[in-house]
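Per Swiss-Prot, the features are as follows:
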MOD_RES   Thr2  N-acetylthreonine
MOD_RES   Thr2  phosphothreonine
TRANSMEM  41-61  transmembrane segment
BINDING   His118  chlorophyll a ChlzD2 binding site
TRANSMEM  125-141  transmembrane segment
BINDING   Gln130, Asn143  pheophytin a binding site
TRANSMEM  153-166  transmembrane segment
BINDING   His198  chlorophyll a PD2 binding site
TRANSMEM  208-228  transmembrane segment
BINDING   His215, Phe262  plastoquinone binding site
BINDING   His215, His269  Fe cation binding site
TRANSMEM  279-295  transmembrane segment
Amino acid sequence: MTIALGRFTKEENDLFDIMDDWLRRDRFVFVGWSGLLLFPCAYFALGGWFTGTTFVTSWYTHGLASSYLEGCNFLTAAVSTPANSLAHSLLLLWGPEAQGDFTRWCQLGGLWTFVALHGAFGLIGFMLRQFELARSVQLRPYNAIAFSGPIAVFVSVFLIYPLGQSGWFFAPSFGVAAIFRFILFFQGFHNWTLNPFHMMGVAGVLGAALLCAIHGATVENTLFEDGDGANTFRAFNPTQAEETYSMVTANRFWSQIFGVAFSNKRWLHFFMLFVPVTGLWMSALGVVGLALNLRAYDFVSQEIRAAEDPEFETFYTKNILLNEGIRAWMAAQDQPHENLIFPEEVLPRGNAL
């Protein structure tokens, strides 16, 4: 019996090996397998947005001007959502709505679905890029896990929320002022600021900003060797091989300030990862709830008493009145296709009036 020892080697590389070698080659801008998803999707999403904000009107979908060509600026231009009558159509260029007519496709809001879907897959491609590079250089995948937070928010706000409503029309349009309008809509129709998931999201994002500022300041404060530079600017040398700040000193400082402090770098940095990512995920879950029209806190007893007693008001009841005002004033302008008309006497007024 013959026993062959050694490793099996293929005489010729197949197509997969050739592609793998080219895609993962060390170059200035890494491509990778994830790049096959990331780069085309990012290119089309950004290209669609620039095209829409430059040339495409929203007259046929919202009755609005939304492009530089019509006189908008960077803050007021937008790629607007399709009309409510188009419901959840993917609005493919070759679909039954546009039938291959590019101009008609733009007028119907096809660029919005184009940008939203390519944007979502572009973000997913960027997360996969972080996974791929982490594996290549033998890192843990925490960067990719952290980036799942922004992806969850994007998908929940731009895709899941309108899927739960009557159509893409109720998603945010892609523009600065358009996003502000969407925030006002969320407050008026969902009382979003009183939603506990929104509260957790705010705590996560602002808490992360606070942690970031404290951490950066503490590291700068506890440097014991800036480098061997003769002046301040050469001393902040980013190529130093070793850490030159004192965790012990930082621990002693914050122990005196708060009575407690991080004594372990891994726990400290994991906490800085955990706070914002958890906040983003919680806010995304809250938006999924809004897609199903789940309500925030309702303090009905205060509303009943405020209705019965003109002298009783709380900040909550005032906000509820403001929400009613947003709904009444906004709906007629925001949904012109409904032909809503509210007589003056039904528009909400505060107790003081």
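Just so it is clear, glycine is given a Cβ too, placed from its N, Cα and C backbone atoms.
Relative to the transmembrane segment (125-141), the listed stretch 41-61 leads the set 41-61, 153-166, 208-228, 279-295 in CB pairs under 8 A.
Here the Cβ of His215 (plastoquinone binding site) has 16 other Cβ atoms within 10 Å, regardless of which shown protein chain they belong to.
You'll find the Cα of the residue listed as 'chlorophyll a ChlzD2 binding site' roughly 18 Å from the Cα of Gln130 (pheophytin a binding site). Other Cβ atoms within 10 Å of the Cβ of His198 (chlorophyll a PD2 binding site), summed over all protein chains shown, number 22. Panel annotation: around the transmembrane segment (279-295), residues 148-150, 152-153, 155-157, 160-165, 186, 190-192, 195-198, 200-205, 207-208 of the same chain, lying at least six beyond its termini, place a Cβ under 8 Å from a Cβ of the stretch. For the transmembrane segment (153-166), the residues of the chain that approach it from at least six positions outside its boundaries are 81, 84, 87-88, 116, 119-120, 123, 172, 280, 283-285, 287-288, 290-293, judged by C-beta separation under 8 angstroms.
Residue environment of Phe262 (plastoquinone binding site) contains 18 other Cβ atoms, counted within 10 Å of its Cβ in all protein chains. Each of the binding-site residues Gln130, Asn143 was scored by the number of other CB atoms within 10 Å of its CB, and the largest score is that of Gln130. Of all the binding-site residues in the list His215, Phe262, His269, the shortest Cα-Cα distance to Asn143 (pheophytin a binding site) is found for His269. The binding-site residues listed here are His118, His269; among them, His118 has the most other Cβ atoms within 10 Å of its own Cβ. Calculated from their C-alpha atoms, the gap between the residue listed as 'chlorophyll a PD2 binding site' and His269 (Fe cation binding site) amounts to 24 Å. Closest by Cα distance to Gln130 (pheophytin a binding site), from the binding-site residues His215, Phe262, His269, is His269.
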